[in-house]
Amino acid sequence: MLLYIWQYLYSNYFRFWLKWFLRQIDGKCELQRICDGSKDGARRTHKIEYSLEHSKSKVLRCAVDIDEKEVDLYVANIVQEKKINVEKDKRFQINLRICLLQISGYKKLFLEVESVRKQPYDSDNPQHEQQLLELWDLLMPHEKLKSRITKQWGDIGFQGDDPKTDFRGMGFLGLANLLYFSRNYTEESRLLLSHSNHPKLGYSYAIVGINLTEMAYSLLKSGALKSHFYNMVPGFPEIKCFHQFFCYLLYEFDKFWLKEEPESIMHFNQYREKFHDQIKHLLSDPDVILTL
Amino acid sequence: MGLLSILRKLKSAPDQEVRILLLGLDNAGKTTLLKQLASEDISHITPTQGFNIKSVQSQGFKLNVWDIGGQRKIRPYWRNYFENTDVLIYVIDSADRKRFEETGQELAELLDEEKLSGVPVLIFANKQDLLTAAPASEIAEGLNLHTIRDRVWQIQSCSALTGEGVQDGMNWVCKNVNAKKK
């Protein structure tokens, strides 16, 4: 309760006066002090994001959700609004620009990922079909599909004889992730597929991949991936950064699963939760970067 | 009986726990149904590896619903979950006519299981929101449901997506929880 009152007073009154007081001393605004006092990446960008979101100025509050091409305009507006002397602090504009790109970029990345997810897998779309077949060819270079509808799909871990019903709530995003992994880490994806066919510790490769797409998606949605992206990309992250994170998850999950030696696939969700907790713990470190 | 003792009785009467098994082929809609029952978001569902379990309070019952993956590869594990089942809910994708035979066969095998003998069975003719869905009556006929004599049974058309018909089915479940034929 006391903590709550303190937080209320701090964010509504004390913070303002503290900032005013500090400005009188060193002639810098809070954004400048953050840029000076923290190293680039998540530590700095998180603080800038907080400062902007809680600003009394509309220009600053709006600067956390803008298009890539508006960034320079917003940097100039903030400099003007906060009466910052850029001659005295030359690094400031460059640093602020990166922060703004990262903050808005994360939001735009989510929208982009969301739009791919919302696109259902459509077997009447030749592009979708072609990519599904490409996934097969990359994973099974020595075996041809006998027909489009075939039990062979089970060999790469789909449930039945037509994968189209397995993408479900993840839509085309599920396939895009699996395909990105196979295209860019072909050897690794074949290795994982061979692990997934282990007689005792086996799992359904494609289904688990779609399930982990859901994990990556919900981590992105909740904001849990912010530190990771702020540390990794000094600008607007592209969708391939999300695919990259998926590759990390899938690769690490395979390692985790083999190490844990579960009794059977029926215990999947229990181990998935344990793995999920480990990932969330890693992501809570402000210096985190998770890559393959 | 005084007011106090009535209150005490109300407080001490715990909900009867009911074990419900949710089975059906892959892509029948079991997990969507489970999430619909628990009033959870149904837009991010992925195929079930293993099983999901949720507890739902309904009409003085605590329904422990076990949703087991329907993939052919893991159907052999279904039998690990038969013990102490009070009600079996079998879910059918009413629009997937190509697999009516397969789903009928799986259901027939379940009804032959000793550990499930006499257990009331509710069949959800799911996905009625799709234009191509077969009506419940057609499915009942195709599966020869009228030949079931060793237990109470019901077929209910529903859409786990919109929620339509789901509550009607669950009302039947609650009424027949104790109808297991010994």
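A Cβ is built for glycine as well, from the same backbone N, Cα and C atoms used for every other residue.
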Query: Given TrEMBL annotates B:Gly24, B:Leu25, B:Asp26, B:Asn27, B:Ala28, B:Gly29, B:Lys30, B:Thr31, B:Asn126, B:Lys127, B:Gln128, B:Asp129 as GTP-binding, which of B:Gly70, B:Gly169 belongs to that site as well?
result: B:Gly70
- request: Determine, to the nearest whole angstrom, how far the Cα atom of B:Gly70 (GTP binding site) is from the Cα atom of B:Thr48 (Mg(2+) binding site).
  value: 8
- line: The correct subset of the binding-site residues B:Gly24, B:Lys30, B:Lys127, B:Asp129 with a Cβ closer than 8 Å to some chain A Cβ is none
Message: Please give me the CB contact count at 10 A for B:Lys30 (GTP binding site), counting all chains in the structure.
response: 29
Query: Measuring Cα to Cα, how many angstrom lie between B:Asp129 (GTP binding site) and B:Thr31 (Mg(2+) binding site)?
result: 17
Field: Inter-residue C-alpha distance, B:Asp26 (GTP binding site) and B:Thr48 (Mg(2+) binding site) (nearest angstrom)
entry: 8
- request: Between B:Gly24 (GTP binding site) and B:Thr31 (Mg(2+) binding site), find the distance joining the two CA atoms and give it rounded to the nearest Å.
  value: 11
